[in-house]
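Asker: My questions will all concern the structure given below.
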Amino acid sequence: MSKHVAVLMGGWSSEREISLRSGNACAEALEGEGYRVTRVDVGPDIATVLTDLKPDAALNALHGPAGEDGTIQGLLEILKIPYTHSGVLASALAMHKERAKTVMRAAGVSVPEGRVVNRHDAAKSHPLTPPYVVKPIAEGSSMGVIIVREERSHPPQILASDEWVYGEEVLAETYIAGRELTCAVLGDRALGVTEIKPVSGEWYDFDAKYAGGGSIHVLPADLKLNIYQRVQELALTAHQALGCRGVSRADLRYDDTPGGTGALVVLEVNTQPGMTQTSLVPEIAAHAGLSFGELVRWMVEDASLNR
């Protein structure tokens, strides 16, 4: 009898629609690999739904709060359902950007300088000397990220408005110029490095990530061999320092601008990266010789408790 996999998707975070795309793509691929699949749009009744389903494993395709912060992982541990990706502690650590930086810095990984501030204080006066970046403590898909340029005399006022829905605390970080890089990690190995070039704008924002033609992915990234290898080393070190399991993706900046610092820093580690067939991790896996079906099969066969 084929293994029964519950693919968890949707949820109620701001990344719900992205999660539905990831979940449906994974479910379709698993069906193609011969698994019995139930698509589960996660809601408040998720404990009852999973108790009734009794799946052999859960593929976690959720993004954002509740899906990648240790919450759903804790529930799956309680219900004794083996699951994919990282466990409770690693998920909670990686989701909280400042605490993740503390752990990575202790492991020797270069991260941007920054500080946590109240959003209202950040709207009154610059928390750092521009240019800097303001971002929510625990969101993905570049939700709520603001770049404050040198020429900006006043800090972003949206931080103090009712339009800001990403929590009371924000992270202000020194802006790192240069190239946007990302590296996929699968288990105990770094699969490869992609450079991301937004078609419009200077950075990889929500539209560049998800709008058709919003960005160009250069795979493998055109880097000197020692830099390419260093990116992979940093991604793997960050993955291991945070205690990640299964698949993760590290996002980095490399400042090779004329007169730049040459800095290579890890911005964050995503424990629940996008999983459509055209998402970054599946692209990198395909370049490494792993089809999308083989990738999701590996993830399900790697599923376990106590992650």
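Including glycine, each Cβ sits where the backbone N, Cα and C put it.
Reproduced below are the annotations present in Swiss-Prot:
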- 101-301: domain 'ATP-grasp' (DOMAIN)
- 127-182: ATP binding site (BINDING)
- Asp251, Glu268: Mg(2+) 1 binding site (BINDING)
- Glu268, Asn270: Mg(2+) 2 binding site (BINDING)
Asker: Starting from the Cα of Asp251 (Mg(2+) 1 binding site), work out which of the binding-site residues (Pro127, Val134, Val148, Asp162, Ile176, Asn270) are within 10 Å.
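Answerer: The binding-site residues passing the 10 Å Cα test are Asn270.
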Asker: Check the Cα-Cα distances from Glu268 (Mg(2+) 1 binding site) to the binding-site residues Pro127, Val134, Val148, Glu169 and tell me which is shortest.
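Answerer: Closest by Cα: Val134.
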Asker: Measuring Cα to Cα, how many Å separate Val134 (ATP binding site) from Asn270 (Mg(2+) 2 binding site)?
Answerer: 18
Asker: Which secondary structure state does DSSP assign to Val134 (ATP binding site), in the simple three-class scheme?
Answerer: strand
Asker: Quick check for the class: what is the C-alpha distance, in angstrom and rounded, between Pro155 (ATP binding site) and Asn270 (Mg(2+) 2 binding site)?
Answerer: 28
Asker: In sequence order, which same-chain residues at least six apart have a C-beta under 8 angstroms from Ile176 (ATP binding site)?
Answerer: Pro112, Arg253, Asp255, Ala263, Val265, Leu267
Asker: How far is it from Asp162 (ATP binding site) to Asn270 (Mg(2+) 2 binding site), counting Cα to Cα, in Å?
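Answerer: A Cα-Cα distance of 28 Å.
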Asker: Just to confirm: which same-chain residues, 6+ apart in sequence, have a Cβ under 8 Å from the Cβ of Val148 (ATP binding site)?
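Answerer: Result: His126, Pro130, Pro131, Tyr132, Val133, Val134, Pro155, Pro156, Tyr175.
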Asker: Given the binding-site residues Asp162, Asp251, which one is most crowded in terms of C-beta atoms within 10 angstroms?
Answerer: Asp251
Asker: Helix, strand or coil for Glu169 (ATP binding site)? Use DSSP.
Answerer: strand
